[in-house]
Amino acid sequence: MKRVRTEQIQMAVSCYLKRRQYVDSDGPLKQGLRLSQTAEEMAANLTVQSESGCANIVSAAPCQAEPQQYEVQFGRLRNFLTDSDSQHSHEVMPLLYPLFVYLHLNLVQNSPKSTVESFYSRFHGMFLQNASQKDVIEQLQTTQTIQDILSNFKLRAFLDNKYVVRLQEDSYNYLIRYLQSDNNTALCKVLTLHIHLDVQPAKRTDYQLYASGSSSRSENNGLEPPDMPSPILQNEAALEVLQESIKRVKDGPPSLTTICFYAFYNTEQLLNTAEISPDSKLLAAGFDNSCIKLWSLRSKKLKSEPHQVDVSRIHLACDILEEEDDEDDNAGTEMKILRGHCGPVYSTRFLADSSGLLSCSEDMSIRYWDLGSFTNTVLYQGHAYPVWDLDISPYSLYFASGSHDRTARLWSFDRTYPLRIYAGHLADVDCVKFHPNSNYLATGSTDKTVRLWSAQQGNSVRLFTGHRGPVLSLAFSPNGKYLASAGEDQRLKLWDLASGTLYKELRGHTDNITSLTFSPDSGLIASASMDNSVRVWDIRNTYCSAPADGSSSELVGVYTGQMSNVLSVQFMACNLLLVTGITQENQEH
């Protein structure tokens, strides 16, 4: 009853202060409104309080000590342990070896060579008597750079894993008292970041058994089970074999990619483009007769959601309305036709969540299609000539277009006019592609160049030259390091974005390259060509000599079939390669 009365008073005061227009009047009161707590919350708070505090941490923050202090603090700890006759000192002595190794590695990374040599020459002798430690100590002598550490398996294992040291609870408290007695920031940093102290609780006396209330003498006769030795946490031999196996798999040739081919048969109108949605549920194709066709790739049929206005069914007052059978519409269809353009459709792009579709056409317009109602909801205009290509930025914030008017343009979905115009090419902009971070836009042109633009500033930051024909396709690696370009010169060029230079040139196709895509791990790139083939390249390493047909040695697979034209290739997240193309049935005469 008293609690309810207190809450009523607080609410009354809060209402009064609000009426008087005091700013944030209920802020202090809200802090005291919680007067009850569940049993689970109380138990969690007690656990946090018991497990936190100075007794359970070595250092609250890894402070940075001067390199000269490494030698001073380590020498002080060594002298403290060797000069003491306490049993705790003998138990803490094994901690000196990992401390020495980690301090030496830190000095190699952050200090001059003279400081490293002074630290090593002063303390390394105390560890040479132990055969297991001697090997690592001798390897430290030849370690001078971070590259030396990374190339050494045992030293790299120290950085990749925490060294485990077991201490009794009394010895652990003994060590903590020493660390708190003086300036030992370098030691605290190593203990916090690189060493795991496995503290073994001290055995309780008979008096502690009774006082704790957690057990009784009748149950265990005052005896605790003996400590069972736990298995070795770090088996160097097994760890070395495992990491060597991982390295062989990573550096070895990749496994062949699984391909799923979607073929178009007997297209009455010329098929210009085809694309599969990111969720692999829809296939969109643009035709010369200005229509876009959508197919469902799943067993579920395409069904239109109800929309407010249907312009194809506007009734006048004089019309005689008859009941229509909408059973077919409710059941859905396997294909939908989107009409709205008045010229050939050259490119289509799905949004990242597959909720919408963008298309561009010879009619100089870009249209947005709602894939819920399968209707055209937005018309974007700004180009003065046909629009050849589209691309949507990651997370579907912006989209870009390339046109016959020699410009690329940046758009947002909520505005029907372009936000940026990228001018600089001397001929048509045939393809556009966003960088994975959305800050850059790449464009390929008929003028045989590739340009990289700052999406926000609108200026050109890279110019890549070397193609001998129009550039028809672009692709960024998912890690953002490389840009691939290809076109009518039948060569695939890989550019290093950081240096702005050519990284690799891949040869093998015998006709125009029309589509490029990177694998999710940026290790493979697939290319589609009008020579009716799909080729997969491993851009990381070269494993064998060049094939007999003159292709580059990076080629790992060639896929051909009954195709007259391959339209696009798309890598999915599961490393599945989706291919779309046109297949004509053989006719016997």
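Note that Cβ sites are derived from N, Cα and C of the backbone, with glycine treated the same way.
The compositional bias 'Polar residues' annotation in Swiss-Prot covers 211-221. The region 'Disordered' annotation in Swiss-Prot covers 211-230. Annotation comment: Swiss-Prot describes 266-305 as repeat 'WD 1'. Residues annotated as repeat 'WD 2' in Swiss-Prot: 340-379. Residues or ranges marked as repeat 'WD 3' in Swiss-Prot: 382-421. Positions annotated as repeat 'WD 4' by Swiss-Prot: 424-463. The repeat 'WD 5' annotation in Swiss-Prot covers 466-505. Annotation source Swiss-Prot lists repeat 'WD 6' at 508-547.
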What does DSSP give as the helix, strand and coil breakdown of the repeat 'WD 5' (466-505)? 0 helix, 23 strand, 17 coil
The repeat 'WD 2' (340-379) [mean pLDDT, rounded to integer]: 92
Which residues of the chain, 6 or more past the ends of the repeat 'WD 1' (266-305), have a CB below 8 A from one of its CBs? 329-339, 341-350, 352-354, 357, 359, 361, 363, 369, 371-374, 567-568, 570, 572, 578, 580-582, 584-585
